[in-house]
Amino acid sequence: MDDHSLEEFRRRWQEELAQAQALRKRRRPEVAPGRGEQASGYLALAQGLLEGAGRPPTVRATRAERQDAASRSRSPPVREAAGGGEQLVDQLIRDLNEMDDVPFFDVQLPYELAINIFQYLDRKELGRCAQVSKTWKVIAEDEVLWYRLCQQEGHLPESSISDYSCWKLIFQECRAKEHMLRTNWKNRKGAVSELEHIPDAVLCDVHSHDGVVIAGYTSGEVRVWDTRTWDYVAPFLESEYEEDEPGMQPYVSFVRINSSLAVAAYEDGFLNIWDLRTGKYPIHHFEHDARIQALALSKDDATVATASAFDVVMLYPNEEGYWQITAEFEVQKLVDYLEIVPDTGRYPVAVATAGDLVYLLKAEDSARTLHYVYGQPVTCLDVSANQVAFGVKSLGWVYEGNKILVYSLEAERCLSKLGNTLGDFTCVNLRDSPPNLMVSGNMDRRVRIHDLRTDKIALSLSAHQLGVSAVQMDDWKVVSGGEEGLVSVWDYRMNQKLWEVHSRHAVRHISFNSHSLITANVPYEKVVRNSDLDSFATHRRHRGLIHAYEFAVDQLAFQSPLPVCRSSCDTMTSYNYDLALTFPSDNI
């Protein structure tokens, strides 16, 4: 297309646009506010593309732009501008020939462009648009739009768009299930089971990951349950001790589990690592010279960190699968808490607290002091991908109050100082909390929700009588455990307690997701009582308990009371068992 042909095409295009606008004004003298402006905007956009302007039209042009436009109209066309305009015209013609047009009031838009506009709408706005016309209904129910909505709200995150034929129906089913689960959480409806105990043994430590629970006992035995299958016949994980030495195994100090590994630390400094995919026998043994004081396992990979005496060791398998020490650090005091930072890439990173010292441990570097104030020991610890939060106990003649400090792992500086309470902070949950929020428990019997944006306490709940020992929250609820053995569920948006369950021992572990809850009551005294002298019921009261709750009642039986709640009395046949009934706690 030469310059003369291009100019002729422009002139005819502008004349047709002017005639269409004049005819539209004669037919509809009164135009709804905003409608004519929208149409003129699209037409101006098309005209700007033809002229090769390269920018969207504005409502009001400046004086310099008007002068520039006038000078361009009087001057002969430039060859480069003509070439660019020719490309834009050819592309516009190809798009108009290949795509079906969608009526948007006074203009026709390609279908793909309409989809790009509709992708900024939520589900309610899409529903309203589907009622405008048949064409808009087809666009509003496009699979791409509803697939994006499912991904944005966290439904089926690992699915692709080709997995289902009707994503709008899938979205509705996911929202209905989410509403059902939330209702069951609030009303405490669902199935609950007490995980099978080990005779002649006391519970020492419990940990869980995605519904898989691991427990260690005073007998040295380690047991794993998979609550996702609702089959609680748990296998034992074998250790390296000889079978001809029954009762001689040391206590289990700590247990940890993730999607593929299970780790147990013993009182004599021995460490066992199992691969849950290969079998019940350990794949690696590691021995410390002294008792293991802290144990950490990464939720993402196979990194294991242990603290014994004044040493912190990181273990990781190499490419051949052989476990080796990837990093070893020396600290000044005995380690109290140890956590592995998630999503660190190639080199593992851990955070350890030892008295009033907080260390940042990077595998490729030496131990660095992240925080240190003499006479102010750390009372709790939790980490996320970018931050670390720990409670500090204020002592000495300069009393500043007990606080929670939030540090940036990248900048290695303090971001927030939260709290200032009389009691010690006993637990903090940063990793599982919603963005910009954090929940903590204190010895003053209160659960606090902190707003990290304003460094203030968003909500304070009077939760437990003897102090808070475990806590976790999501976008609408808080689950807390106390030293007196009480598990409480709160709707913190309404500042209301939903329900509670009581057991004898302190709550040491709480882990929940949208449909399940795992709680563990671990006794302080690890005294093994003689089964010949004590009855079974007496032994149950002292060994510790692990409970698993399942709130997806559409997949499970409605009648699933705790064993202690089962009685021989007759009940009404039309009544479905509801966990909202009061739990008899005398025999627990």
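Glycine is no exception: its Cβ is also placed from the backbone N, Cα and C atoms.
Automatic prediction, not curation, is the source of TrEMBL annotations.
Bear in mind that the values here come from a model prediction, so they are computed numbers and not experimental data.
Pulled from TrEMBL:
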REGION    53-84  region 'Disordered'
COMPBIAS  62-71  compositional bias 'Basic and acidic residues'
DOMAIN    103-149  domain 'F-box'
REPEAT    461-500  repeat 'WD'
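Taken through DSSP, the domain 'F-box' (103-149) splits into 29 helix, 6 strand, 12 coil.
With a threshold of 8 Å between CB atoms, the same-chain residues lying at least 6 positions outside the repeat 'WD' (461-500) that come near it are 182, 185-186, 188, 423, 426-429, 432-434, 437, 439-449, 506-512, 514, 517, 519, 521, 579-580. Each residue of the repeat 'WD' (461-500) gets a DSSP state, and the totals for helix, strand and coil are 0 helix, 25 strand, 15 coil.
As a whole-number mean, the pLDDT of the domain 'F-box' (103-149) in this prediction is 85.
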